[in-house]
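Input: a single structure, listed below in structure tokens.
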Amino acid sequence: MEFSSRARQKHLRLAGDRRELYPHSLQFYLEPPTESISLVEFESFAIDRLKLLKVVENLGVSYVRSTDSYKTKLENELRKLKFPYRALAEDDYEARRKDHISHFILRLAYCQSEDLRRWFLQQEMDLFRYRFSQLTDGLMQKFLEHVNLSFEAVSEDLKTELANELCASTPGLSLPKVKEQMFYKVGLADAVDLFRTRRVFVKDGFAYVPFKEIDAIVLNNYRTKLSKALALTARSLPSIQSDERLQPLLNHLSHSYIGPDYSVQKNTGKISLEQIDSLSVKSFPLCMRQLHKALRDSHHLRHGGRMQYGLFLKGIGLTLEQALEFWKKEFIRGKVDADKFDKGYAYSIRHSYGKEGKRTDYTPYSCMKIIMSNPPSQGDYHGCPFRHSDPELLKQKLQSYKIPPSGITQILELVKGMHYQLACQKYFELTHEVDDIGFSLNHPNQYFTESQRLLSGGREPKKELSTSGNSQQKNNNQESVNLNSTPTSSDTTADTELEGLEAYFTED
């Protein structure tokens, strides 16, 4: 009995410590985690949060953020990935811990360039906006006190005195509602967004903000803090990159692909060379359609294009023998004779199929790999057309493919907002004449698979592809990593695999 009593006391003490560590389900992520975790958990947390932010991005474009559909889908994703999805009382410690740690891991990965910082900031802001909106009034007030944003409440007497001004200056509030609503005196610097859009009454350097608008103040504060933190983290990266345990996990997280493994060929030999021309029009994503056309026009591709397109063709089912025949026929129509092809290019193709060199079976490029690495230069045709093409040239290309003007406008708007994968999804919808593909597009080979499924009538577009991930665990994954240090960026195998392959593709 004495032992069980002590154990119970210890349990209660630990529970108290946990509540003290994460008193709220929501936070500004001001303090980095200091505990030690295994590299398995480190990678798992990072991938789950990346999946979550990808969903946030996709939903933000597909739905109005305040609608029930948006909220329901996002809550389902939070539940599925075991992140805090509501302001639960005390029983979601593990979810809060995961939320805290995973944020800081991705902050390290996405602080390395302006584009990455902008993307991460936008998705984290949208996620925070949703979660803040789910708080009850009481929990919202507690959270504001927790992050030192407790503003002075306007007294009933002053509110009665200013009732007409508050009613006239605050959209959506009638005089009776003004009397029911709690107002706060907020410094003008904190309420600049509300002031700019004329949604608050201003007097003597203070904005009189209704409780229902306080989220704009909180979001602006959070944006400022997170933006500064990303810049500071970027400056500290060089000192972290020497950690050999973390580097493989962090170096490519900002490029990482989290969907099915397309290095496993499920359709090997089912596609004939004669079908490729028609398939390129019907079922290739724009990046691969562009490469195929360039190859047919000039009978040659430089090494970046050969790598990107060759591995894609391998992924859709071309056997090694078919690949050798395909590339040889096309190259000898250009300036490459058969002998030169057999001595140089044929080796690199066999190498990509794991038949030469290290015998590594290379993986087709994901969208993030294509978007984030090896941008095309003059004379190249690889890369992502939505990311790397001039908008006017992209518009002309889409017009030549008979995309309707309204669709082109939608695609260019997504490109302008740097939603390149969503622009490709819109291209899929327009070329396949469907209203909503219902899945998140992350890979050119996924585009091909879904296109073939839809065109064959075998299945309606799926609501969500399995994102169980195909990240491979490293030998050192059981080691611990101390999160008190500040690490860098993550996928794991793709780039190291391709280092050897690139050497064989450098000949133009």
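FYI, residue positions are counted from 1 along the chain as it appears here.
From the backbone N, Cα and C atoms, a Cβ is placed for every residue, glycine too.
These features come from TrEMBL:
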| type | residues | note |
| --- | --- | --- |
| DOMAIN | 278-448 | domain 'DNA primase large subunit C-terminal' |
| BINDING | C287, C367, C384, C424 | [4Fe-4S] cluster binding site |
| REGION | 454-508 | region 'Disordered' |
| COMPBIAS | 466-484 | compositional bias 'Polar residues' |
| COMPBIAS | 494-508 | compositional bias 'Acidic residues' |
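A sphere of 10 angstroms centred on the C-beta of C287 ([4Fe-4S] cluster binding site) encloses 27 other C-beta atoms. Counting every protein chain shown, 24 other Cβ atoms lie within 10 Å of the Cβ of C367 ([4Fe-4S] cluster binding site).
Under a cutoff of 8 A between CB atoms, and with a sequence separation of 6+ in the same chain, the neighbours of C384 ([4Fe-4S] cluster binding site) are C287, C367, I370, I371, Y420, C424.
Cβ contacts within 10 Å of C424 ([4Fe-4S] cluster binding site), excluding its own Cβ and spanning all protein chains shown: 26.
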